[in-house]
Amino acid sequence: ADTIVAVELDTYPNTDVGDPSYPHXXXXXXSVRXXTAKWNMQNGKVGTAHISYNSVGKRLSAVVSYPNGDSATVSYDVDLDNVLPEWVRVGLSASTGLYKETNTILSWSFTSKLKSNSTHETNALHFMFNQFTKDQKDLILQSDATTGTDGNLXXTRVSSNGPSQGSTVGRALFYAPVHIWESSATVAGFDATFXXLIKSPDSHPADGIAFFISNIDSSIPSGSTGRLLGLFPDAN
């Protein structure tokens with residue numbers, strides 16, 4: 001199975017598998033929900049998620065905010081050296097199930113830094129998408145994810161006339177592997193930001209968007225639509 005660390009913007013409470021009874025931001029390591037926070041998801045409004053981690057504090061933090069100032073914060077103390085392989089890929093994932101929503105990514109940026117004692121070098125990877133083209137060569141698109149419509153990344157499928165569809169899942173990973181940790185590193189860390197628009201015709205939008213870090217050959221587990229957000233093979 002893939003090794004996944006994720007920050008979920010979970011719009012649908014699957015209380016049968018241990019979700020809180022409201023939309024929430026969650027940090028997940030492997031397939032365990034490590035920490036959750038209540039999130040007032042605003043249907044049809046653009047929200048911004050900012051995720052950060054550094055090897056000194058060993059804390060994965062995320063803030064999801066809206067233009068009206070409403071925000072939710074979740075953080076989890078974790079040493080990524082113990083969880084992830086040294087080289088990883090970063091991506092965005094989303095899914096719908098019985099209920100649906102659009103999972104539109106308007107922009108996405110990422111910066112990682114790895115400072116090593118032995119060589120005094122800093123390895124940094126940085127990318128920024130302020131829009132997505134139809135033929136976006138530096139992204140690996142999986143399953144239903146598409147780019148280019150209105151300059152956006154649509155992580156799940158929408159009909160040609162716009163409405164979201166149910167039981168769809170998609171992911172976009174940056175093509176270049178990221179050196180996320182190294183035993184001799186003095187400082188390792190990253191910052192990621194994405195702006196997303198979740199819009200649903202249903203009174204229950206579902207299921208959510210996640211920023212994730214995985215082994216470089218990660219693929220979408222079969223049957224991971226709905227509550228599994230395209231990340232996990234079973235409902236832990």
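Heads up, the Cβ atoms here are built off N, Cα and C, so glycines get one too.
As written in Swiss-Prot, here are the features:
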- GLU8, ASP10, ASP19, HIS24: Mn(2+) binding site (BINDING)
- ASP10, TYR12, ASN14, ASP19, ASP207: Ca(2+) binding site (BINDING)
- TYR12, LEU98, TYR99, ARG227: carbohydrate binding site (BINDING)
Among TYR12, LEU98, TYR99, ARG227, listed as contacts of carbohydrate, what is the widest Cα spread in Å, to the nearest whole number?
11
Can you tell me how far the Cα of HIS24 (Mn(2+) binding site) sits from the Cα of TYR12 (Ca(2+) binding site), in Å?
8
10 Å Cα neighbourhood of ASP19 (Mn(2+) binding site): matching binding-site residues from TYR12, LEU98, TYR99, ASP207:
TYR12
Number of Cβ atoms other than its own within 10 Å, given for LEU98 (carbohydrate binding site):
14
Given the binding-site residues GLU8, LEU98, TYR99, ARG227, which lie within 10 A of ASN14 (Ca(2+) binding site) by CA-CA distance?
ARG227
Per residue, counting other C-beta atoms within 10 angstroms of the C-beta, which of the binding-site residues HIS24, ARG227 reaches the highest number?
HIS24
Consider the binding-site residues LEU98, TYR99, ASP207, ARG227 and say which one has the Cα lying nearest the Cα of ASP10 (Mn(2+) binding site).
ASP207
An 8 Å radius from the center of the TYR12, LEU98, TYR99, ARG227 Cβ atoms defines the neighbourhood of the carbohydrate site; name the other residues of that chain inside it, in order.
ASN14, THR96, GLY97, HIS204, ALA206, ASP207, GLY226
To the nearest whole angstrom, what is the C-alpha distance linking GLU8 (Mn(2+) binding site) and ASP207 (Ca(2+) binding site)?
10
Would you mind ranking the binding-site residues GLU8, ASP10, ASP19, ASP207 by how many other Cβ atoms sit within 10 Å of each Cβ and giving me the lowest?
ASP19
In three-state DSSP terms, the structure that ARG227 (carbohydrate binding site) belongs to:
helix
Restricting to the chain of TYR12 (Ca(2+) binding site) and a gap of 6 or more, list residues whose Cβ falls under 8 Å of its Cβ, or answer none.
ASP19, PRO23, GLY97, TYR99, HIS204, PRO205, ALA206, ASP207, GLY208, ARG227
Other than ASP10, TYR12, ASN14, ASP19, ASP207, which residues of the chain come within 8 Å of the Ca(2+) site, judged by Cβ distance to the Cβ centroid of those residues?
THR11, PRO13, PRO23, ALA206, GLY208, ARG227
